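Each remark here refers to the structure printed beneath this line.
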Amino acid sequence: MNSIFPERKFGVVVVGVGRAGSVRMRDLRNPHPSSAFLNLIGFVSRRELGSIDGVQQISLEDALSSQEVEVAYICSESSSHEDYIRQFLNAGKHVLVEYPMTLSLAAAQELWELAEQKGKVLHEEHVELLMEEFAFLKKEVVGKDLLKGSLLFTAGPLEEERFGFPAFSGISRLTWLVSLFGELSLVSATLEERKEDQYMKMTVCLETEKKSPLSWIEEKGPGLKRNRYLSFHFKSGSLENVPNVGVNKNIFLKDQNIFVQKLLGQFSEKELAAEKKRILHCLGLAEEIQKYCCSRK
């Protein structure tokens, strides 16, 4: 990215100013190489906020109809992503959306077709693939034969109505497993819930194309700290948890760099197709897990 004098800037609106949206606005306003290609025009929020750090709130209607706005960052609750993506693509805007882009596979496929039809970039953020821990794991598993593995993620309660079924709200963990071990298939899944205690535990049994078992568990409830526990056993030894590999710096900014490269046409068709295939595979698995758990209720 030669950013000293970009030829042009893309006007950006940020939709939803929670945790991710606030980080996105901060990155857009700071002098980073990719930010030089972007011009933050305003933000959209259901709350009446007026302005944040000098950035004006604008209505959804204005964001959709403004010629100035060419890009939308969708940082709202997951349940609203599909609708926002559709509206902005139909209005001829490029879209960056925080994961999961949708809460069903069919919706994702339809939106991807819409983006291709409109000739616009549709980018689903995956900051978990830009983390130091993931870079470490990727190096560790290369060329090794997996015998079995497990990944447990714990965190505080999360509202399913807003963030989707646990297989969707936790799709970044599934994305890790698929990115490390290739496409996976579902063997079985269970969901244990105690709504009155805000507790839930989803246990998923997956297998690799070589039939090695992988278990993925999401456990959420009051008092549970945000943590990842993993264990991978290979023919040549095992890996239990990731050592402290340093702080994750600017992962949202790294994601923005990737998005800007897409806007500038710097990704090959092959790379884009592989990424889309992985995203749709993970969304498809998440949906299958949801159906499996719901059929057992």
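Quick reminder: no glycine exception, Cβ is built from N, Cα and C everywhere.
According to TrEMBL, the protein carries these features:
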| type | residues | note |
| --- | --- | --- |
| DOMAIN | 10-126 | domain 'Gfo/Idh/MocA-like oxidoreductase N-terminal' |
| BINDING | V17, G18, R19, A20, S45, R46, R47, S78, S79, S80, H81, Y99 | NADP(+) binding site |
| DOMAIN | 134-244 | domain 'Biliverdin reductase catalytic' |
| BINDING | H281, C282, C293, C294 | Zn(2+) binding site |
Candidates H81, H281: member of the binding-site residues with the richest Cβ shell (10 Å): H81
Sparsest-packed of the listed binding-site residues (R19, R47) - C-beta count within 10 angstroms: R47
Mean of pLDDT values spanning the domain 'Biliverdin reductase catalytic' (134-244): 95
Proximal but sequence-remote residues of the same chain as C282 (Zn(2+) binding site) (Cβ under 8 Å, at least 6 apart): I171, L174, T175, V178
Rounded Cα separation (Å) that holds between C293 (Zn(2+) binding site) and R47 (NADP(+) binding site): 35
